[in-house]
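See structure below.
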Amino acid sequence: MKLISASLRRFSLAVLTILLVVSSFAVFTPSASAETYQVKLGTDKGLLAFEPKKLTIKPGDTIEWVNNKVPPHNVVFDPAKNPSKNADLAKSLSHKKLLMSAGQKETTTFAADAPAGDYTFYCEPHRGAGMVGTITVQG
């Protein structure tokens with residue numbers, strides 16, 4: 001009987017030790033933190049373009065749009081050119097209000113469950129001049 005009791009105690013101690021070690025990995029594993037990226041509206045050289053024009057992000061990341069040169073600018077996501085072709089999603093990501101002064105900022109955060117793929121955006125006043133860009137959300 002003492003042998004069974006001692007074996008049971010050792011087994012319980014081993015199980016508790018394993019649980020403690022495994023749970024410590026969950027506590028000390030760094031979580032993937034969201035990043036913030038900056039996109040300039042108008043290049044430093046005064047061109048009507050986004051800088052950078054193409055950007056790859058992960059769900060949960062944020063884009064900070066900074067009015068740089070040759071205003072006014074805004075950021076509109078094309079409802080026909082996002083992975084889900086969802087007009088409400090495009091509207092929620094867009095900032096249609098014109099930024100008139102250099103240094104003005106807006107932010108767009110892609111939800112943690114944002115569909116992976118390419119999202120096309122443009123500046124309404126300068127779309128005809130080619131002020132268009134792409135955000136690629138990784139899956």
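Backbone N, Cα and C define each Cβ position, glycine as well.
According to Swiss-Prot:
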type: BINDING; residues: H73, C123, H126, M131; note: Cu cation binding site
type: DOMAIN; residues: 35-139; note: domain 'Plastocyanin-like'
type: SIGNAL; residues: 1-34; note: signal peptide
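Sequence features, as recorded in Swiss-Prot, placed on the structure.
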| residue | record | CB count, 10 Å |
| --- | --- | --- |
| H73 | Cu cation binding site | 26 |
| C123 | Cu cation binding site | 27 |
| H126 | Cu cation binding site | 21 |
| M131 | Cu cation binding site | 23 |
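Report note: the Cu cation site is defined by H73, C123, H126, M131, and the residues of the same chain whose CB lies within 8 Å of the CB centroid of those residues, excluding them, are L41, G42, L48, A49, F50, N74, Y122, E124, P125, R127, A129. Per-residue confidence over the domain 'Plastocyanin-like' (35-139) averages 97 (mean pLDDT, predicted model). Under the DSSP three-state reduction, C123 (Cu cation binding site) is assigned to coil, being neither helix nor strand.
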